Amino acid sequence: MNKLFIPVYIFLCFTFIYFTYSQSCSFPNIILTNTTVSDTCTAINKITIGTTLSLDVIQFKMVSNANVHTNENVDCIGCGSIVLSENANLHLTQVTNLYHSSKLVMNENSVLTTKKEIYFWKYSQLTIGDSATIYFKGHFFTYENALVVMNQNTVIKINKVLFFNDKSTLTMNDNSIINSTFILCFYSATLVMNLNTQINGITFFNLYKNAHASLKDYSEINMGSNLVEVETSYLLLNDFSKINNAERIYVKRGGIINLNGTAHFSQINTKSYQSGGKGDNSYSAILNVTGNSYINVSTTFVFFNSILEVSNRDIRDLPVVFYSGLNAVSLTNFKVQSQNDFDILCSQMVKIYSSVAGTKMLLGGKLLRYGTSNKIFCHVEDVTNKIVKYSEPYCPCDDIEDWYIAPLPNVKSLFVEINKIKTSSKTLLKSIDEFSSESVLIGNTQISLYKTDSIVLNISTPKTINIKLFSLTKTVLLITETKLNFEGVQFNAALNTKDGFKILEVVIRCTNGIYIKTTQRCEDFTICNDANCKYCPFNKNSCVLCKSQFALVNSKCEHIVNCELPLSNRCLKCATGFSLKDGLCVSDETCITVQLSGRCQICTTNNGCINNNGKCVESDKNSEVITNYNIVSCNKNFVSNTTNCLKCNDLYIYSELCENGKATKCDSSSQMDTNGICKINDCVLPNDQNGKCTTTIDYCIYLSNGKCNECETEHYLSNNICNNNKKPNCILQNSFGCMKCQDTYYLDESTKQCEGCDPSCLTCFDTSTKCLSCPHNTFLSNYKCNTNEDLKLTCNKFTSYGSGCVACKDGFYRVGLDCFECDQKCKTCNNKYSCLTCNLTNYKTNSGDCLPQSDIIGCAVNVTQSGCSKCQDGYYIINTNECQECNDNCNTCTLSRNKCTSCNNSLVLLTNGSCVSLSQIFKCKEITNSKCSKCAFWYITSKDGTLCESQIVWWVIFVLVICVLIVFIILIVSIVIVTKTTFNKLHKHEINKTITLFAMNKSNINFVPLQGGVCVSSNVIDLNSDIEQIEVNRETRQVLCVGNTNKTATKIQFTISSNITKFTICIDPEVVTLKSGYACEFSVYVKPLCSCNINSTIQLV
């Protein structure tokens, strides 16, 4: 039964699949309106989002949980944008481009997957929202100021190239991660890694051509292996950021690495570090170290043609480089720039060789130092079970060295084992040590507390030993099981603070804690009433050492707040608006930025404060303009000395105003001499207009700066002298000199004399040849007197009343009565450059200029002096008479080059006047006359021929319905046939349960042939074959087999006489149809009704 229904089931499934298809997205090739996708679909055509012809924002938005799969290229141009809402998924399978200012925005938990390259061009942006993820299976490129921003908990996974070019920027924010197994390259680009960001697994990290990389706030680059290369670029590691697992770091050709880590840890871990090379320019690579961090190098260290710049670091700090390799280190050609002595490099295995000026080798070549000091500092980074772990591989040092144990800030308890006594020479050396204020001398052991403010020293010594504290002001608790000797007094425990040294006497040795004499009991100074106190040896209410994150203030532990960089019991850097004081951050409205030392770096100038040695103080009340450190300018009558405003009179005697280091105005009782110094007047009545006493000039009324400005009446001024005689040829004269000369004379302003004019002039001025009027029969032109002879070649009509021209010839223009030549481009003009008509080879532009007719390209008719009246196809009329070429896609255009009226072959004209290709018109198959003329099946062209619209084809629906009906009819007929066949077989099966059918050729029965192709196992049914007599009223059964030897099936049925009364006979089965070669077993039941002899005939029919 089941086997019969399997073909039917397959047929039904096939029919269902045939009439069902997956959903596809129907997007136009060019998306020019905001589009929203809310479901799952596949885009089968190329998509372009946005246009460069409009500033409108065009958004392709995927709503929450939408899922889009693209099969072709995707481009985003102009102000186009792709927006993925929460939990949306976008799959880009082909090349993707974002041009111009387009954007790709991913919101929370959205996912982007690319299979091929993705490009971000000029000012485009990629913004990755919180917890979003990107899977790049193709390369990633950015160009020309592109911007990529990764927000909180975002992830980028890529096994191809990440390449940032041309001033593009990658910004990674809180906990964002990039996982890559290939190249991350920045070429003239910027990388900014903020709080807890990571780049993992990359094999190449390259910074080229002014690239900048800045790692901040616990950010990390964890290399998979291979190379970090910095060429002509800048790499900054701030705070707790670092680079791990690098195979090689190579800095060359102007590359700069800046280590600015605040903690004492390794910011760069690499097998090989190479700075500069023989092929580089001199000192082209720079390593700048400003913090406390250092570099770990395990195989090779090369520093050649490079500069090491170090600040805020000295020999008490860790070496800049820790080297553990077996290759020799030879440093011969580099420069060191530092104001302090400091340790450059320490080696664990091999000696260091250096010939660089200012450097020296210590400890048998294991330490390279810049400077002259021989003191060694061994830094303790951990103490566990009385085992002291040093940072430097050569520590602890032998007693022959002048060395210090220097615990780092994280070490709060130090175990010190004293075995030997230092020589007196060493003791004397210590007594004049420049580090006394931060050191403890215990026997022969020197301990520097430069890196910590408080510590517990657990001292182990076999006998009483001396200690020396000098001027130590830091908090130190000294504890020993034996005795310590300080200035003749022996003790077991003592505490040193800034207030002095106090011995804690011990009379009873306590198992835990210290015996307190006043209470006569042992008290554990680690159990204090203040839960935040670590040690309180004097009183449970008086703390001397607080727990981490708490500071000691007046014997109480206060929580360190408003701190950006806490360290143990103090703050190293406060938040903006707070300053560092006694390890705490206190509000300071006058300071904006505070240094780690607690000194103010930038003061608030808005409230009139300036920075005075790290403190913000109120500026002088007379200050006018101030900066962070200086008074730039003061109020009137005051001058700045950079920190105060001083009165001018206090600096320059008798002065009223001053500036730039000298007096600029004297007071009323003095005058300024030639040296700029104010001196008391020695005359009673000043005769100069400036209040000075000067030499008197006869007949002078007004004197100014020793010169006469005006003379008395009937006198005139000449060469600073007042004369009383009349000027020759002068007709108007005053006290200043001659005012007007006679005709044919002019006034010389330099001499104030009347000089003669040129004979050609009637009157003149300024010079003898500069005419104002002319004699008879001449005319004035450009201050010259000309005759009509000069106008024969240029004038068309002369004046009727004398000399001069009233109408000039073509090519000349009139000014007054003279004619001047037009510019050669003009035929006629009204001034030299303003043409009325153009010459035969030029045409007149809309602005009135004449240009060569050959400049007009694309004119359909001959260009005349009026320009072009009709343009060729591919050109349009501009400025009423000029032609300009249309856009390359246009066949004809109007108004502008991008406003097409018809397009080239194979392009379609849109309603906005732009021409697009066949591939950009969805479902368009053929273009005619700039219109889509034929669409794909199931689509028709729109009325304007710019797009294909879907339309149902009735005959397809009709054929489809007919096909469906035929299929259903076939299906129903098939079901009927199968059902009938099944029921027949079931019926046969039921018959076979009661009838025995068998093949005769497989039976051993000897059949007796009868007529009609029938045979029987016996032609006689003998009821007495088994018993002699059969019983009355009881059925006796005998078996008779009947076979069919015909070639066709034969129906077998027995008949008997109806007149039998002595017995009953029953044959089972009554009727059987036998196939050819088959036989059936019949049972014959005979029941005698009385004692009789049965002999009867049974017929087969």
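Backbone N, Cα and C define each Cβ position, glycine as well.
TrEMBL has this to say about the protein:
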- 545-586: domain 'EGF-like' (DOMAIN)
- 602-659: domain 'EGF-like' (DOMAIN)
- 710-755: domain 'EGF-like' (DOMAIN)
- 756-786: domain 'EGF-like' (DOMAIN)
- 821-851: domain 'EGF-like' (DOMAIN)
- 882-916: domain 'EGF-like' (DOMAIN)
- 952-978: transmembrane segment (TRANSMEM)
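Within the chain carrying the domain 'EGF-like' (821-851), a Cβ under 8 angstroms from the stretch's Cβ atoms is held by residues 794, 810-813, 863-868, 879-882, all 6 or more beyond its ends. Within its own chain, the domain 'EGF-like' (756-786) is flanked in space by residues 743-747, 799, 802-804, 815-818, which lie at least six positions past its ends and keep a Cβ under 8 Å from the stretch. Within its own chain, the domain 'EGF-like' (545-586) is flanked in space by residues 239, 262-263, 409-410, 412, 452-454, 456, 475, 477, 530, 532-535, 592-594, 596-598, 600, which lie at least six positions past its ends and keep a Cβ under 8 Å from the stretch. Across the domain 'EGF-like' (882-916), mean pLDDT in this model comes to 87. Assigned with DSSP, the residues of the domain 'EGF-like' (545-586) fall into helix, strand and coil as follows: 0 helix, 27 strand, 15 coil. The domain 'EGF-like' (710-755): residue composition by secondary structure is 0 helix, 25 strand, 21 coil, according to DSSP. Under DSSP, residues within the domain 'EGF-like' (821-851) fall into helix, strand and coil as 0 helix, 14 strand, 17 coil.
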